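Trainee: Here it is, the structure, as structure tokens.
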Amino acid sequence: MASVVLIGTQWGDEGKGKVTDFLAEKADLVVRYQGGNNAGHTVVAKGEEFKLHLIPSGILYEDKTCVIGNGVVVDPKVLLEELAYLSERKVKTGKLLISSNAHVIMPYHRLLDALEEDSRGEHKIGTTKRGIGPAYMDKTLRIGIRIMDLIDDEEFAAKLRRNLQEKNNLLTKVYGVEPLDYDAIYQEYSGYAQKIRGLVADSSLVIDESLKAGEKVLFEGAQGTLLDLDHGTYPYVTSSHPIAGGACTGAGVGPTRINRVVGVIKAYTTRVGEGPFPTELADETGELMRQNGHEFGTTTGRARRCGWFDAVIARYAVRVSGISDFALMKLDVLSGFEKIKICVGYRVNNEVIYEFPQSQKIFKACEPVYEVIEGWQEDITGVTRFEDLPKAAQDYVRRIEQLTETQVTLIAVGPGREQTIVRGEIF
């Protein structure tokens, strides 16, 4: 038995898709445990680029089984579109299973998400308007429609009718928009149910049987630590738990079954949407990072905000998820910078703090305290051994290890599978 949880350690967009794809080669089962199609991951395989939002990255291996766990909220329309997209690209995909306990994103979730965000005015939280938050709200309120309900005609009809009555009251009386039509939604989603029925399974049981058989299981998180509902930069967070602990509840597996936690971390820092960002660079340096790193959202296309590496955030991620290894991404993007900065602490109210603050009011007031180290000019995209990196690049990696007390086991020097420096085994 071997199981690894793969998480994002910043605000998402760290490059988890590439690492999942890289590690999936040795895994038997790849499990997505939270989030929905608000998260995008890009994978480059055999020179081809694939952009996915809901289906686990491991689907590109035809001998793997991929699982969408109970902690995921599933938009069946998007799911079927992604399967069609892979088919059109003539990809021989692996087996896909969907948890019967996963909740379904309905049309009213998407509509309410957009209406609520627009009503916030200057207090917007940066939602993708894909219905993720409202779907999780219904789950918490215990009125949500699960995959098992969707494929049961009688259950689906009854639950849809009850939900739509409530949601249409909200839409017409609070937001002043037209009500949604029951028959249209029922017909549309019944069609989806027929197409996904054969994929539905007790995912927790599938995972348990795989682990008992001695197989290797990779749990794939979406978003990142600082978007976690409890441990992120609230309220600028997602509605689920991207941290390692989320794998247990979102996949139905006990914590003693987890062997390692790999934190995917970018060699610099990015953020999409609203919220404080101490190391953000609103200058030519930040723009150069954005262009060199192609920092535009997979899901929204929005330009990502860019800044220097923040070791305070990295240490915090290690603490809340028990990270055993880092996968350091996009080291090649920093080639060409004469000097490179690392944030080692925050200055706030004439005091320097070295731990991530719980208060967003304090975090918003934080100014970065930097260490400045030498950069490197060499192109490192073809380097395959750590020892062959420029000395300055090696020193940069070692300094991150020192500041976080965590080993950097994988280093990405380009988007391809083969552009990965391996310094130790994960599985």
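Each Cβ is built from the backbone N, Cα and C atoms, and glycine gets one as well.
In case it helps, Swiss-Prot gives these features for our protein:
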- 12-18, 40-42, Arg304, 330-332, 412-414: GTP binding site (BINDING)
- Asp13: active site, proton acceptor (ACT_SITE)
- Asp13, Glu14, Gly15, Lys16, Asn38, Ala39, Gly40, His41, Thr128, Arg142, Gln223, Thr238, Arg302: IMP binding site (BINDING)
- Asp13, Gly40: Mg(2+) binding site (BINDING)
- His41: active site, proton donor (ACT_SITE)
- Thr298, Thr299, Thr300, Gly301, Arg302, Ala303, Arg304: substrate binding site (BINDING)
Trainee: How big is the gap, in Å, between the Cα of Gly301 (substrate binding site) and that of Thr128 (IMP binding site), rounded to a whole number?
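Mentor: Approximately 11 Å lies between the Cα of Gly301 (substrate binding site) and that of Thr128 (IMP binding site).
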Trainee: For Gly12 (GTP binding site), which of the listed binding-site residues (Asn38, Thr128, Gln223, Arg302) have their CA atom within 10 A of its CA?
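Mentor: Hits: Gln223.
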Trainee: I need the most crowded of these binding-site residues: Gly12, Gly15, Gly40, Gly301. Count other C-beta atoms within 10 angstroms of each C-beta and give me the top one.
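Mentor: Max Cβ neighbours within 10 Å, all protein chains included: Gly12.
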Trainee: Restricting to the record's IMP-binding residues (Asp13, Glu14, Gly15, Lys16, Asn38, Ala39, Gly40, His41, Thr128, Arg142, Gln223, Thr238, Arg302), give me the longest CA-CA distance in Å as a whole number.
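Mentor: Of all Cα pairs among the recorded IMP binders, the widest measures 34 Å.
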Trainee: Around the Cβ of Asp13 (active site, proton acceptor), how many other Cβ atoms lie within 10 Å? Please give the count over every shown protein chain.
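Mentor: Taking every protein chain into account, the count is 28.
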Trainee: Just name the most isolated of the binding-site residues Asn38, Thr42, going by other Cβ atoms within 10 Å of its Cβ.
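Mentor: Across Asn38, Thr42, these binding-site residues, the one with fewest Cβ atoms within 10 Å is Thr42.
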Trainee: Quick one: what's DSSP say for Thr42 (GTP binding site), helix, strand or coil?
Mentor: strand
Trainee: Here's one to test understanding: among the recorded positions Asp13, Lys18, Asn38, whose C-alpha is closest in space to the C-alpha of Ala303 (substrate binding site)?
Mentor: Asp13
Trainee: Among Thr128, Gln223, all listed as binding-site residues, which has the most CB atoms within 10 Å of its CB?
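Mentor: Within the set of binding-site residues, the most crowded position is Gln223.
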Trainee: Write down the Cα-Cα distance for His41 (active site, proton donor) and Lys18 (GTP binding site), rounded and given in Å.
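Mentor: Roughly 8 Å, rounded to the nearest whole number.
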Trainee: At the level of the C-alpha atoms, what whole-angstrom distance separates Gly40 (IMP binding site) and Asp13 (active site, proton acceptor)?
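Mentor: It is 8 Å, counting Cα to Cα.
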Trainee: Using C-alpha positions only, work out which of the recorded positions Asp13, Gly15, Gln223, Leu331, Val413 is nearest to Arg304 (substrate binding site).
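Mentor: Out of the listed candidates, the nearest Cα belongs to Asp13.
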